[in-house]
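Single-structure report; data block below.
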Amino acid sequence: MSRAPLVLGVESSCDETGFGLVSEGVLLGQGLASSAAQHAEFGGVVPEIAARAHLAAAVPTLRIALADAGVELADVTHVAATSGPGLATAVHVGLAAAKSLAWALDVPLYGVHHLAGHAAADTLEHGPLPAQSIILIVSGGHTSILHVGDLVRDPIEHLGDTLDDAAGEAFDKVSRLLGLGYPGGPAISRAATGGDPAAFAFPRAMLRPGDAPYTFSFSGLKTAVARTVEKIERAGEQVPVADIAASFEQAVVDVLVTKALRAVEDRGLSTLVIVGGVAANARLRAVAAERCAARGIELRVPPPRLCTDNGAMIAAVGDLLVRSGAEPSGLGIAADPSAVLHGAQLPLLR
Ligand code: KG4
Ligand code: ZN
């Protein structure tokens, strides 16, 4: 009798070291370590420090994941690892660990696209995706609207991306200029509590008629916040951090939700899935919920702990690949730090 697959997912693309264990769509357990505190003084992730931290955290974090799931390493039947995109040095550490494990256990290895992992995270909470959906990915490095069918079998259609900064990057940069530290998303969110989201009319880019319908741009917003802060400081006044943070958040959220809903309606679909680190943002979740409910659109957003990087989401893609009968990538797979999202597996299935 063949046993149910037990997929170990390995994530190391940025500053989180994650291991997750998934079997047939069910998250059994996970371990997560973060080097965010080590990057705080630099205001952003330092690749070399992230790589060293992954190396230090890998074995202890894997142990935590196994204990959390109540399984032994020998029970693992497949290994999946982020092979891109991400910081090259960081991806290399997790991918090398995954290769060692797959070789030692003599089990198949799958190279997974990190952003497909973000999308798959939602299936751990809400079950299989519908036949067709619009997925808004909002992370530190990417902001995209995708039309997705079967996440691991069908090609993924990019409807639009950002022309400049990713949404998370905008949070991180504005946080830095408000002196709120890294990572910026949670810091801005905390600072925005009690602030007035209508206090400052920051620009909503790319929303004019004739603008590309699903394309984003956040660098002008960041500059507008910087100018506002400079002006207030020059006038010798106290910077109203809560109001600026809340107004900035509202501007980002407005554009994200407006464009994502436009894609859902233009494509005649009924489900919007929002994933990636910025999907942990409370204002984004609330505004999206309100606007989706008003239009009868189903909204799916993973719980915040599955929005930011983790190993469970990579295991979730691996588990979907295994169950769809995908060919393993094999131990020869290389890291692809700038991989574009065409499909869930790297290299592409032909
Ligand atoms: O998906 P993720 O964990 O890593 C990447 O793949 O990039 O996303 C990290 C990004 C960071 O820019 C961080 O500031 C942002 O997600 N983020 C948030 C929140 N939590 C994390 N942005 C807004 N609000 C949050 N609560
Ligand atoms: Zn991510």
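Sequential numbering from 1, following the chain as shown.
Any Cβ shown, glycine's included, is placed from N, Cα and C.
Annotations in TrEMBL come from automatic prediction, not curation.
The model shown is predicted, which means the values in this text are computed figures rather than measured ones.
Going by what TrEMBL states, the substrate site holds I137, V138, S139, G140, G141, G185, N281, and the candidate of D122, D154, D172, D266 recorded there is D172. TrEMBL names H114, H118 as Fe cation ligands; from the candidate set D254, D309, the record adds D309 to that same site. Taking the Cβ of D309 (Fe cation binding site) as reference, residues of its chain lying under 8 Å away and at least six apart in sequence are, in sequence order, E11, S13, C14, D15, E16, G18, H114, G277. Excluding H114, H118, D309, which define the Fe cation site, the same chain contributes E11, S13, C14, T82, L115, G117, A121, S139, G276, G277, N310, M313, I314 within 8 Å (Cβ to the Cβ centroid), listed in sequence order. Checking the binding-site residues I137, V138, G141, G185, D309 against ligand 1, the ones with a C-beta less than 6 Å from an atom of that molecule are G141, G185, D309.
Sequence-distant neighbours of S139 (substrate binding site) (same chain, six or more apart, CB under 8 Å from its CB) are L115, H118, A166, A167, G168, G276, G277, V278, listed in sequence order.
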